[in-house]
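The structure appears right after this line, and notes come after that.
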Amino acid sequence: MSIGHFTVWDYVVFGAMLLVSAVIGVYYAFAGGGQQTSKDFLMGGRSMSALPVALSLTASFMSAVTVLGTPAEIYRYGAIFCIFAITYFLVVVISAEVFLPVFYRLGITSTYEYLELRFNKYLRLSGTILFIIQTILYTGIVIYAPALALNQVTGFDLWGAVIATGIVCTFYCTLGGLKAVVWTDVFQVGIMVAGFSSVIIRAVVVQKGIGRILNDSYHGGRLNFWDFNPNPLQRHTFWTILIGGTFTWTGIYGVNQSQVQRYIACKTRFQAKLSLYINLLGLWAILVCAMFCGLAMYSIYHDCDPWTAKRVSAPDQLMPYLVLDILQDFPGVPGLFVACAYSGTLSTVSSSINALAAVTVEDLIKPYFTSLSEKKLSWISKGTSLFYGGVCIAMAAVASLLGGLLQAALSIFGMVGGPLLGLFSLGILSSFANPIGAFVGLIGGFTVSLWVGIGAQIYPPLPERTMSLNLTTIGCDIGSPGTGGNWTATTEMPTLTTLVHLQGTERPVLADYWYSLSYLYFSTLGTLVTIALGMIVSLLTGGIKQNIDRKFLLTKEDILSSFSFSKSKTNEKVEVLNWKPFTVADEGTDNPVFNHIEMNVTENKEKVNGAHV
């Protein structure tokens, strides 16, 4: 059994995707007078509309980890992963109705500005540094890991792909700012949908209909949608995905700069909320595509698993292997799929670079260099984008040397997100949370989530916790390099898995209980510990006596305004505060934004200028 290989047409398709992305960056560098201010560069002038922002949010979610990892996850563990459809709904509702109203009302550029407004500058600095470290680490891996997987299967040049994608990404981010990031994401979503669709359509043709794919999947135990086992040590059940997944992804959609920066760049709050809800449809569409790819892969290889037969060396190589197998007679189409995977990489990396530039300028430069003009800040923003692009490419090179630490680094992304989600939740939902409580809560949550997360990397959960399903090579060609029989996997996280776990000969008691906690609960644990500790310490240190400005909290008006479309009044306004740190004269300035659909928020008669905590 032989599979195809890359042709000239495949490289042409991939090159065309990179070229169009670069051209979009050049266009937005000069369109409408170019990026004159840092606000234009980092926030698109706060003039974006819902649809492109929604597609951009979807593209950033759909990294190469999703394109390559999710179908392999469903191939190995079954369709229970699709419970994330419910999780995504809860995440979008929480982000749109709890976090978005507060961030949008304050008119902030960096979400970590909120931490200084609500608490103090030290917590803002802590949040910024944690974000920068986790994002650089994650972004380097997102560039390198898919390149490695595709290189090993397709022969696609490893470092050529890494450097080309890194340079193109940095190029259009530096030239065009947020508008270029959003509109290249829109283009890349189209490429990703086309890549997934080509695989699904061809697989259906090869298997002579969807019926056979579903029938094979059913008899192979892959249609395992429901498992209500409440055991938190089980890797994927209904409850771990619903509860743990909601906390994990709310940490990304609710408070992570990469996502928040896009939807608060919308011209109105209604458009911002709408972008999140349209994005939900995109998340569901991606999940359905990934599920069908995974089930089709199982149907085609249900009696001859390429991984067990040693035709691929890691699960994330299964999807490229399938593409070259079933699409070898269609020149250029395998290239479309590789463009699909790299579009996921480009969208994630460009969002990260733009977000890193935003927090660096807003949190580390503007507060301490108050005399800088907007023109200079615009150039500094472009310079930081260029700098972080180089750092991310360098991090990809470091990732190639990390070996067994790759997955640990990906897990840390979730471990850091939980405590930060807890910190923002304390500020927005608790009127008595004070800076001391928030700081102690952050340290406590971060310590606990790192403890369990790193422990899980050193002592992976036992195979019976992962519920991996049987795969066989019994139907492989005689003389294939693999061996026959059934195979059971050791635990792997549902991300790119280009590593071997480090496992000692003896396992401590904690390993089979505490360290075996489902990876989805790492973020949940960090969030809950941060909130609980923060509230207790705040109460013990007099937090109940402090007077907090209501604009820093989620209010009853924020919630009710979402359900008052029928009573719209064109003469009311939503206030967007143009907060300038470390100044007094201009604090609390109103920047009215008019929209007839969302103008039902009762105007606060007792306005307080400034940020008094």
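Every residue gets a Cβ built from N, Cα and C, even glycine.
TrEMBL does not curate its annotations; it predicts them automatically.
These come from TrEMBL:
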TRANSMEM  12-30  transmembrane segment
TRANSMEM  50-68  transmembrane segment
TRANSMEM  74-104  transmembrane segment
TRANSMEM  125-146  transmembrane segment
TRANSMEM  158-178  transmembrane segment
TRANSMEM  185-205  transmembrane segment
TRANSMEM  236-255  transmembrane segment
TRANSMEM  276-301  transmembrane segment
TRANSMEM  385-402  transmembrane segment
TRANSMEM  408-429  transmembrane segment
TRANSMEM  436-459  transmembrane segment
TRANSMEM  519-541  transmembrane segment
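Using a Cβ-Cβ cut-off under 8 Å and counting only residues 6 or more beyond its ends in the same chain, the transmembrane segment (50-68) has close neighbours at 142, 145-146, 149, 181-183, 185-186, 188-189, 192, 195-196, 252-253, 258-259, 262-263, 265-266, 271-272, 274-279, 282-283, 286, 290, 316-317, 319-320, 340-345, 347-348, 351, 410, 495-496. Through the fold, the transmembrane segment (74-104) approaches residues 111, 114, 217, 221-227, 235-238, 241-242, 245-246, 249-250, 253-255, 260, 263-264, 269, 272-273, 276-277, 279-280, 283-284, 287, 290-291, 293-295, 297-298, 301, 315, 318, 424, 428-429, 466-469, 471, 489, 492, 494, 551-554, 558-559, 561-562, 574, 576 of its own chain, all at least 6 residues removed from its boundaries and within a Cβ separation under 8 Å. If you look at the transmembrane segment (158-178) against the transmembrane segment (385-402), you find at least three C-beta pairs under 8 angstroms, all six or more positions apart, and that counts as contact.
Outside the transmembrane segment (236-255) by six or more residues, the chain places 57, 61, 77, 80-81, 83-84, 86-88, 90-92, 94-95, 98-99, 111, 226-230, 276, 414, 417-418, 420-421, 424, 467, 518-524, 527 with a CB less than 8 A from a CB of the stretch.
Tertiary proximity for the transmembrane segment (276-301) is limited to same-chain residues at least six positions away from its ends with a CB under 8 Å from its CB atoms, namely 50-51, 53-55, 57-58, 61-62, 66-67, 70-75, 79, 81-82, 84-85, 88-89, 92, 95-96, 100, 189, 192-193, 196-197, 199-200, 203-204, 206-207, 212-214, 216-217, 220, 222, 253, 263, 318-319, 322, 325-326. With a cut-off of 8 Å between Cβ atoms, the residues of this chain six or more beyond the transmembrane segment (125-146) that come close are 63-65, 67-68, 110-112, 115, 162, 165-166, 256-258, 316, 341-342, 344-345, 348-349, 352-353, 355-356, 359-360, 363-364, 388, 391-400, 406, 409-410, 412-413, 416-417, 420, 423, 439, 442, 446, 496, 498.
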